[in-house]
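To start, the structure itself, in structure tokens.
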Amino acid sequence: MNKICICGAGTMGSGIAQACASAGFSTILYDLNEEVLERAKQKINNDLDKLVEKGRLQADQKENMLSNIRFTNSIADCIADLVIEAIIEKMEAKIGLFGELSKINTEQTLFASNTSSLSINAIAKHIPGPQRFAGLHFFNPAPVMKLVEVVKGEATSDASIIALVEFTRKLGKQPVVCKDSPGFIVNRVARPFYIESLRIAEEGIADYATIDQILESRGFKMGPFKLMDLIGNDVNYAVSCSVYEQLNRPERLKPSYLQEEKVRLGQLGKKTKKGYYDY
């Protein structure tokens, strides 16, 4: 596996591309939106500059990493050994993209989705060669976070899983293989962390900063409200809704109206400069 294509140049897509390029892979980063591509290019450049400033990377290494990435807004360029989808969390959009990608790639190409919570089995039903499709769930920030969930669908072949595990290890990541289920492992376990924190705030028991401070003092690297602002309230709320629906709406996992309101008001967190905190 030498050439990797990432579709979607948002926060996760650009981060995955940076991780691939840093590991020496020939990397294609695709997005229809030129402005999104330009922002991704600038962010990757800035992130690598910071590593140079800290002495963790040489200037020539930085340039080599950047040269490994080809930025494109043409789907015709998305031909690779492995294609990773990292677009919006909408089933229809993902299915449509994989349909286009299947037409231009070979029968040897592996396909993966970085979905946080959508069903791998449901997506696979619409992909020719579902044995070559799996979930590959990175965490934000992708260049830094070690964990990657490798999600095996009902049709995913063992050979595909082995290849994806080997690939993630070459990125310096820690792959964990799991079967397809609502929220996989991390996002399912994390729902009560977010939802109960939101309920405490809704009930006026404590404010955002106090809840964050208490949990951080108990060993969490980041409190729930800071973390939701980092992830994006739109993304986090969508995952909560998806897991809630897939598990037949258990009351304990009912999404918060407080977070729904944040999404409705466009207060998505750091990326909009306002969420539970102002930035």
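Every residue, even glycine, has its Cβ placed from backbone N, Cα and C.
Keep in mind the model is a prediction, meaning the values are calculated, not measured.
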Candidate from Lys254, Lys262, Lys271 that TrEMBL assigns to the same NAD(+) site as Gly8, Ala9, Gly10, Thr11, Met12, Gly13, Asp31, Glu89, Lys94, Ser116, Asn140: Lys271
List of residues, in chain order, with Cβ under 8 A from that of His137 (site 'Important for catalytic activity') and at least 6 apart: Asn114, Thr115, Ser116, Val148, Glu149, Val150, Val151, Phe184, Val186
Taken over the domain '3-hydroxyacyl-CoA dehydrogenase C-terminal' (183-279), the model's mean pLDDT: 96
Among Gly8, Gly10, the most crowded of the binding-site residues [Cβ within 10 Å]: Gly8
Where Met12 (NAD(+) binding site) sits in the secondary structure, as DSSP reduces it to three classes: helix
Neighbour tally for Asp31 (NAD(+) binding site), based on other Cβ positions within 10 Å of its Cβ: 23
